[in-house]
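Notes follow the structure.
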Amino acid sequence: MALPTQESPKTHHLSNITSQTRVHHEYVPETLSQARTEHSFPDDLHPVNSNGLEKTSSHLRNTRTKLGLHPGASISEDHDIAERQDFLWSRIRLVLREPFAEFWGVFIMVLFGDGSVAQVLLSAGQASAPGGDGFGPYQSISWGWGLGVMLGIYVAGDSGAYLNPAITFSNCLYRQLPWRRFPMYLLAQFLGGFCASGVVYANYINAINKYEGHGIRTVPPSRTATAGIFCTYPQPFLTKPSQFFSEFIASAVLMFVIFALKDSSNNGVPKSDKWFPLALFFLIFGLGACFGWETGYAINLARDFGPRLMSYIVGYGHEVWSAGGYYFWIPMVAPFCGCVFGGFLYDVFIYTGPSPANSPWMGLKQLVRPDFAWQVRKERAKKAREAGMV
């Protein structure tokens with residue numbers, strides 16, 4: 001990363017990336033916004049200016065690289081060189097900026113989503129509400145989750161705003177997001193969902209006591225169950241394959257559409273990333289309206305497992321794991337399968353850029369031979385260096 005000099009005061013590690021990313025369009029994002037959201041740089045490709053290193057974000061470069069993060073923190077130049085970045089917490093924040101963003105993005109998403117479920121469920125039948133039947137129908141839940149996802153993306157924009165381990169995994173698999181980043185993002189996303197659901201529980205604890213009875217906590221199919229505020233439970237008539245398929249198909253649609261929205265060569269989507277959160281709002285709303293009834297459309301391990309663990313801790317009991325014929329593992333596994341399948345379909349039938357699906361044997365060689373997949377990434381990094389990017 002470059003240290004700005006008097007001769008070139010505008011030189012900055014991020015602007016330098018932006019100006020040079022057009023050199024090798026095979027896999028490097030064409031705009032800064034794509035660089036922030038897609039993170040297409042391989043592990044071993046670290047853009048560096050000839051002027052030296054940035055004052056703050058770059059002296060932490062080695063630590064960030066070891067964590068699988070891009071060596072330069074995604075902040076503005078004026079903020080990067082400010083003296084306040086020498087404080088201990090400032091250095092910690094710069095090292096963990098993206099995981100922090102994922103944590104708070106998921107936190108906002110779950111806060112709105114679980115909050116909408118709580119309000120609709122706990123206010124059911126209240127005659128004092130407008131209309132005399134509670135404060136919200138089922139569609140309020142779709143609105144709540146859609147808004148939560150949209151606002152969470154705005155909060156976590158500099159990390160890529162994946163907000164979902166299955167989406168993170170699919171971007172590692174298909175869009176060259178560094179694999180070393182996956183564990184840290186997974187942990188941050190899980191903790192974001194866990195903490196947000198705890199806040200929702202604390203906010204609605206008196207309403208839960210009134211609805212179920214003081215100290216009583218039950219899970220579906222109990223008629224007064226409130227555990228569904230925090231995590232998903234299937235309809236009792238569903239078989240195990242149907243439970244899995246419901247989460248699988250919703251996750252596949254989610255990933256398919258996200259890849260379409262992020263495809264800069266797709267003329268059917270807006271070219272500005274500013275429209276992406278709004279598009280995701282409608283996507284999540286649509287999934288809830290069309291696929292939400294049977295299993296609650298978790299489509300996200302962080303949104304389901306973190307709050308489920310929280311509900312177990314606060315007293316809902318072991319039934320949070322055994323309900324629905326031990327359904328709890330399906331929202332953990334099916335989203336990964338569905339997102340991988342949805343991403344594969346998009347890359348095979350529509351996407352024309354670099355992807356394992358657009359390689360020999362439709363990526364099967366890279367899947368079966370991890371050493372070959374690593375070699376492919378190394379070769380692309382070498383070509384970029386030869387093209388003058390670094």
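A Cβ is built for glycine as well, from the same backbone N, Cα and C atoms used for every other residue.
Listed in TrEMBL:
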type: REGION; residues: 1-23; note: region 'Disordered'
type: COMPBIAS; residues: 1-21; note: compositional bias 'Polar residues'
type: TRANSMEM; residues: 100-122; note: transmembrane segment
type: TRANSMEM; residues: 142-163; note: transmembrane segment
type: TRANSMEM; residues: 184-204; note: transmembrane segment
type: TRANSMEM; residues: 244-263; note: transmembrane segment
type: TRANSMEM; residues: 275-299; note: transmembrane segment
type: TRANSMEM; residues: 326-346; note: transmembrane segment
Among 100-122, 142-163, 184-204, 244-263, 326-346, point out the range having the most Cβ pairs under 8 angstroms from the transmembrane segment (275-299).
142-163
Per the definition of 3+ C-beta pairs under 8 A with sequence separation of 6 or more, do the transmembrane segment (184-204) and the transmembrane segment (100-122) touch?
yes
